[in-house]
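Annotation comment: Swiss-Prot describes 1-21 as signal peptide, evidence class sequence analysis. The disulfide bond annotation in Swiss-Prot covers C80-C91, C131-C139, C141-C158, C206-C220, C208-C215, C284-C315, C300-C310, C314-C354, C330-C345, C332-C342, C337-C338. Annotated N-linked glycosylation site per Swiss-Prot: N90, N301, in sequence order. The O-palmitoleoyl serine annotation in Swiss-Prot covers S212 and is backed by similarity to another entry.
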Amino acid sequence: MEPHLLGLLLGLLLSGTRVLAGYPIWWSLALGQQYTSLASQPLLCGSIPGLVPKQLRFCRNYIEIMPSVAEGVKLGIQECQHQFRGRRWNCTTIDDSLAIFGPVLDKATRESAFVHAIASAGVAFAVTRSCAEGTSTICGCDSHHKGPPGEGWKWGGCSEDADFGVLVSREFADARENRPDARSAMNKHNNEAGRTTILDHMHLKCKCHGLSGSCEVKTCWWAQPDFRAIGDFLKDKYDSASEMVVEKHRESRGWVETLRAKYALFKPPTERDLVYYENSPNFCEPNPETGSFGTRDRTCNVTSHGIDGCDLLCCGRGHNTRTEKRKEKCHCVFHWCCYVSCQECIRIYDVHTCK
């Protein structure tokens, strides 16, 4: 590991006590192999770090679906890393830390908004899919078909019950967001935006039945989209996220913080928009306080004028170029019937990395 990254990682781990208060550390269950066996070992619920009492009760009462919750968080993290692969902050996780993103999400930034939304959506998505696959006895297919069949088709197959997946995500992910402060309000809003995206993207999927491929009978069912579509949509919402300001009100239970759109001339955010109220660091240099790993040694696109281009990704520091040899299949030929034969070629590529 490079010295500057080693120093940053040590700084993040040593500051762990402060970091843990920033966001749900139960997300770390996505990185633990032992949690895939939760369904057969209920006592593991007590070993999940960061669970509030309501989440612990949920885990023990609905132990069958907890592996899907873990899978959903993992799915959200993987999608975050895909969506931000060419950005200065690329959704880096720290495997041996309970705060898997480091201090980055301590602040109420756009990045925090996106991660909460995609993780919440991931839980809803994975639970819904697991129910449709029949891996749990407490859920299954959606028997409420949401309307009569259309002309030329009838209901069939297993409609995915996204309402149940959303309910699980809401009950579990929002359980800790019960404080009367601005950060809880922001987290709950963005969690719900992620879940709403799942519901909005449900679509009819159909299959034809008949002799010789004819479509004498067509059956349809409700299905979730590929999770990449959810990530793409929420990434667009990240780019257009609404900046908010914090307002304090005195109520019977004491002071309560709420969020209001910062710019009155703009359209206020809807339940489908992401919200934030603190500016992001520039992520150019390593910084243990902000959790930035910097962009040194990151691969950049020399032909791009976007954020993944060497000018922006490298923050004006310039870039290095090296050549790389790669073995690839080439000159492939299809043979009847039925296989493909290929030769192996050595190709030379230029690789550009930030200084």
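Glycine is no exception: its Cβ is also placed from the backbone N, Cα and C atoms.
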Cα proximity to C300 (disulfide bond), best match among disulfide-bonded residues C80, C141, C208, C220, C337: C80
Local backbone state of C345 (disulfide bond), from DSSP in three classes: strand
Residues near C284 (disulfide bond) in space but at least six apart in sequence (CB under 8 A): R88, S292, G294, T295, C315
Largest tally of Cβ atoms lying within 10 Å of a Cβ, found at which of the disulfide-bonded residues C131, C158, C208, C354: C131
Local backbone state of C80 (disulfide bond), from DSSP in three classes: helix
Whole-number Å value for how far N301 (N-linked glycosylation site) lies from C141 (disulfide bond) (Cα to Cα): 45
Distance from C80 (disulfide bond) back to C220 (disulfide bond), taken between C-alpha atoms, in Å: 31
Distance from C342 (disulfide bond) back to C139 (disulfide bond), taken between C-alpha atoms, in Å: 47
Alpha-carbon spacing, C338 (disulfide bond) to C332 (disulfide bond), which is rounded to whole Å: 13
Neighbouring C-beta atoms (10 Å sphere around the C-beta of N301 (N-linked glycosylation site)): 16
C-alpha spacing of C215 (disulfide bond) relative to C131 (disulfide bond), in angstrom: 29
